[in-house]
Ligand code: ATP
Ligand code: MG
């Protein structure tokens, strides 16, 4: 309690500190959110010497394991991990304060499900935090927090409860009594200081790395003299956590044990929204000035009833929930789009797309708002948050445009989805669960967020058959993983056999007109617009035979008179999407893949209901997937051109494959492909992207096409007429006799669907390059946001490698420390090998890491030798000129122990030596060496075996040197045995 006594004395000296806007001037409504935020920052900056840092963007820079920045500490992770570059600015920080934009909507921290249902979890929120990096610790952290809450913000003390870590016997951790005592000393009554187990009060960054106990501060919204201790950490909306103070004092090792960290850190986080709720004397975050302007704007935009703050069953029709969801989600959208996360198809972007769709759905279905409401809220959000985060003001129009575009796309499918659900429900038996296949197609084909489907069903009092749904999801994942293999298994419905083909011909069924697949244009704002397509079913195919009708639930091939679906060919993956029967907008037939067979395009379809030849259908291609393929296909042509440009004209394409996720390109070339080549290739590609060249496409007779000079063709059969794709130069120009135009740009025979201009590729990064065979290389590349991300990850890892190298060069003299660094080199080597990043950079980092590994190994060996020499020296002095030395000695590893033994024998060649070294784990290491003079009578292996058997262990070696280990319990007996054995041999 001595520390606590000091603290009490210090607190008595504290002169109450006042922030600029004294609480006395607040009036009844309490301080505005902006004042609360500023007071926090100033309190730590001015009163406690913290450096104020801006919020990091919510898009994590270079951390591929994170979807969104979800806590203030994210940007300081390298400091906690000890991997910070010692010369970087970050490494200079001792005390820091900031207000961090956080998103918890995916990955480890995901509060999306709670948003709207409760009143204190958001997808986007602001985290106020203060940090100590190896500076102050528990005592100061708690007292600063207490001072701020009770003296600056003047929160009544009796409403606050604090928790501390109650210990964990399985980890051998005691309760954090130090923390408990600090709170007691600060005057918190014992009934408000509560222990909680590991799950609540021990914070870990990941499976390994820094961790430690934490202490949380909770607020009782009800008060009135009651004791609310029993409600803390129970998920009650009345007693809510507002602040978490983490004390980073251990490191969790790979083996699962905890070792104390050399430096102690403090990492705290307090949700601004929850704090403002307390200070404005409200019960719900949505009743504070961070949300009321947005709720008002929603009301204005949709008419209808006002927001009343109702929750749960009282909230009839979920109108209040809709208000909360929309207000929350539009904030998240504004912040994410500003920081470069756009609604998209994978990772964080997919999460954002779901958030947007969830918001749109609540706007239209529950609030009955006209389209455009969501985007109309953007200026209000910017008003509320723009002072704290000025970056929001830069592109307000762009945020609104992106929201509107995505809304329009979703609204059309929403309408369809609603009808599908309605019709399915009508056909269901009352006690049935909602069929998983229908939910799957809503999710997969119409892009419905899962929780949205749940919600729509919940409103109808129906549950989804989630077990079956999970199974479908698993199957889909497997199918994607196996790609071709899986498709081949299903091939019976997709590839027509010879008999069926002959039958189609003899029945005069015309081959499919698939020209509508090229029917797309660039819209006014540069977005791609795909024309709709209507068709008639000519024939169905199932169980290797042509059929006029296929029953509900069956998998079949569908042959149409025309289609806008791209069938897998020329290395471009097929389109996905769905069909609908004309006039029946409530049934959706998913199209899983599309193949070309003898001129017929076979759509692989699940017939949710009976399908018949003659049915009229409307075709919907998954436009996002198609666009991603178009980007990657055009990028493949750029890559092919750039490779030729850099590696020489005899570089020939051997094969390529394009999917929505990546592109693969095989080519043969003379000589090795160096990393400089890859960098140069990327540069050439980027230049063409920047020029935003027009992609010219036209069909020409094959004979004419073959005359084009320098034409890049692959050894494939081409149809006649054939399509020419030419970058920047009109097809007519490359066809002119003797024109050399095709020598200087990319001109290929290609039936793929391409971009109309190269700019949309945005960026290309080669993330892998390897030799398939002598002279044949395969590269894998990604484009757009993925390429950008790969580059950021590369830079981030380069920094980590740089930091590691500096720390290694500092030349530690502690063996465990150097061993830790060596382990870090190993871990980083694995990450560098397995993460998507530019290949040239990967190679560069791998070379450095290899050298670092050598440095570390040499350093360890050298330190071990030094230590061994010192230990041997003192043993030699102790046992001066004895024929046998038997002793115990501290040594960190068997190899050090052996080195001590070797060293002793070198210095004193007539002496035989056996040393034992007890370890913290309870194990005893043994090493021995027998003097040449004593051979062959005296065998080292026998000696060690006799000694280790005594300790219930084992040993082995030669007659000169041997080693082994055993149990500490038998150590005294082992020493006696060692001596008796030696004496019997001498
Ligand atoms: P809870 O148990 O309430 O979800 P948490 O334990 O996940 O909180 P921490 O990770 O400790 O919270 O984050 C620190 C602080 O950030 C919390 O005390 C709270 O004030 C705030 N906070 C956390 N998640 C949210 C959220 N989704 N919305 C608003 N504030 C949040
Ligand atoms: Mg949480």
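In case you wondered, yes, glycine gets a Cβ from its N, Cα and C as well.
Bear in mind that the values here come from a model prediction, so they are computed numbers and not experimental data.
Ranges compared are 786-813, 814-841, 842-869, and TrEMBL records coiled coil for 842-869. Those residues of the chain, other than 633, 637, 750, 754, with a C-beta within 8 angstroms of the mean position of the Zn(2+) site C-beta atoms are 572, 634, 636, 695, 725, 748, 752, 753. Look at the Cβ of each of the binding-site residues 637, 754 and count the other Cβ atoms within 10 Å; the largest number goes with 637. Annotation for residue 750 (Zn(2+) binding site): same-chain Cβ neighbours under 8 Å, separated by at least 6 residues, are 570, 633, 637, 723, 724, 725. In the three-state DSSP scheme, residue 754 (Zn(2+) binding site) is classed as coil.
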